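Notes follow once the structure below has been shown.
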Amino acid sequence: MLRYVARRLLILAISLIVASALIFSIVELVPGDPASFMLGTGARPETVAALRDQMGLDLPLPLRYAQWVGAILTGDFGTSFTYKTPIAGMILDRMQVSLPLALMALLLSTAIAFPIGILAASRRGGASDAAVMGATQLGIALPNFWFAMLLVLLFAVHLQWLPAGGFPGWSDPLAALRSLLLPAIALALPQAAILARVLRSALIETQGQDYIRTARAKGLTRGQTLRRHALRNALIPVLTIMGMQFSFLLAGAIIIENVFYLPGLGRLIFQAITQRDLIVVQSAVLVLVAAVIAVTFLVDLAYAAVDPRLRRR
Amino acid sequence: MRWGLILGAILAGIAVLAALISFAWTPYDVTAMAIADKLQTPSASHPFGTDHFGRDILSMLMVGARTSIAVALVAVGIGMGLGVPLGLLAAANRGSWIDETVMRGNDLIFAFPSLVIAILITAVFGPSAVNAIIAIGIFNIPVFARVTRGGAMPLWTLDYIRAAEVAGKRRARISVEHILPNIANLLIVQGTIQFSLGILAEAGLSYVGLGAQPPTPSWGRMLAEAQTMVTIAPHVAVIPGLAIVLTVLGLNLLGDGLRDWLDPRLRVMR
């Protein structure tokens, strides 16, 4: 177990280093230099020189990378070029929208996918299986932002049950949750379709195993074997997909946040791009990527928790 | 599951056909604005209605299909062109540092949320269809590398491959002449799936304004423009979305159908 965790930790560290270096160098690749890119073509040379100096662009590249990473490790992400405020605070603010949104979507997607995936697997070949497979096939093909527009049309415009967009802040938790509900559904449903299909095929695969036959032979019903034996063994592929989905939900929120005018991390990245605020883009993307890498690490640990065979390695 | 294959082929075929026909003919000129005819609901003269500039939605969908298909297709080409050789290389040198490097590199790309990096790339190099292609294509590389390696690994243990190796044939030639034809099925199926994902990704990027730029019509941007009008003219938003859903659904059904059809073992299992 210790070796397994150590190996995962090493991979985590390497991934973080390489990812941060990649993000850092992509921004270095902008046509011209970052300072003149951010200020636009009409900027005066003094202004460009001042920004170059502020960003430390005259220092050699590896040194700047080291300084950037070093500062981030102490929680200093630098100052936004357009808002003149510390980026760390901005990211923290935005996370209060993006993180709950992603968690809500993941929860919803799991809550939908598990029952229908199990149903389809236990009635394999039957009418309900065909219905689940058909519905999930459609769900996978849905662009979530379009689905979001349809949800707004139905629930916000026609029925007026939920707000069409905006975020009131967490001072009123109920209102905040209400405004996150439609975006979370829009994000969750296509993901639930994928998850349900993975769960179904993983369950069907395990059901062909000898230990399932043994369990049936000793008198357990189909439902009991499914819940007690097959489900646990089908969890590995399901966990993999759930880990990938969480990162997808965090990142996919960029588009959904735009549909609902939610002040989340995705919208911050997007606004920063249109304002050419590369410092914010760089930091916010790094935070997202780091979150994804961290989730991958946690999923790897979860494998070991679910599958005792991995612990012995 | 045979009907899935047929339905998929029909749906995907319609999209491809619409794109091809649009090169020669569209019902109306997609750049021609007719403000007097704006936001018309579907009728005989405009089967899918008109948008806020009075442009014919059917014509725009046809030309938009071109953008979606071109972007997704070239992105699959990039993924296959680089991913398949990498996968073959890794499988031919399984267990060696080459294999390890290729696979860890794959893991690393997988760790990046593709959408974020696509946005980063288009942000730095400017929004355009070409940059969208590159951004989507990069994430196809590890997918094809993994599928290729996974398909090729078991083949290397087969007797006739070992015989070729013993006979002194170089590994690169064995990979191309014996391994590749045997995993072609896998690659076709994965290609179809990545193609449909590419169409979704292109729509998303265009929707946020980072894909094909005006005046080139694209499905994603049609939806972005429709968003503010969704309450007064729902068809402007519903129809392009349906075009995306039906095309992606068609490609997915086609991919699943092809997999079952090309692999007789799966037919028995179901």
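Every residue, even glycine, has its Cβ placed from backbone N, Cα and C.
Features reported for this protein in TrEMBL:
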TRANSMEM  A:9-30  transmembrane segment
DOMAIN    A:95-299  domain 'ABC transmembrane type-1'
TRANSMEM  A:99-121  transmembrane segment
TRANSMEM  A:142-161  transmembrane segment
TRANSMEM  A:181-199  transmembrane segment
TRANSMEM  A:234-256  transmembrane segment
TRANSMEM  A:284-306  transmembrane segment
>> Same chain only, please: residues at least 6 beyond the ends of the transmembrane segment (A:9-30) with a C-beta under 8 Å from a C-beta of the stretch. Say none if there are none.
In response: 37, 61, 65, 68-69, 72, 278, 281-282, 285-286, 289-290, 293-294, 296-297
> Under an 8 Å Cβ to Cβ limit, what residues of the same chain, 6 or more beyond the ends of the transmembrane segment (A:181-199), are close to it?
Replying inline: 101-102, 104-106, 108-110, 112-114, 116-118, 120-121, 132-133, 135-140, 142, 144-145, 147-148, 151-152, 155-156, 162-164, 234, 237-238, 241-242, 245, 248-249, 252-253, 256-257, 259-260, 262
>> Under 8 angstroms for C-beta pairs, at least 3 of them, ignoring pairs fewer than 6 apart in sequence. Is the transmembrane segment (A:99-121) in contact with the transmembrane segment (A:284-306) by that rule?
In response: no
>> Checking distant contacts: for the transmembrane segment (A:284-306), what same-chain residues at least six beyond its ends satisfy Cβ-Cβ under 8 A?
In response: 1, 4-5, 8-9, 11-12, 15-16, 19-20, 23, 72, 87, 91, 94-95, 232, 235-236, 239-240, 242-243, 246-247, 250-251, 265, 268-269, 272
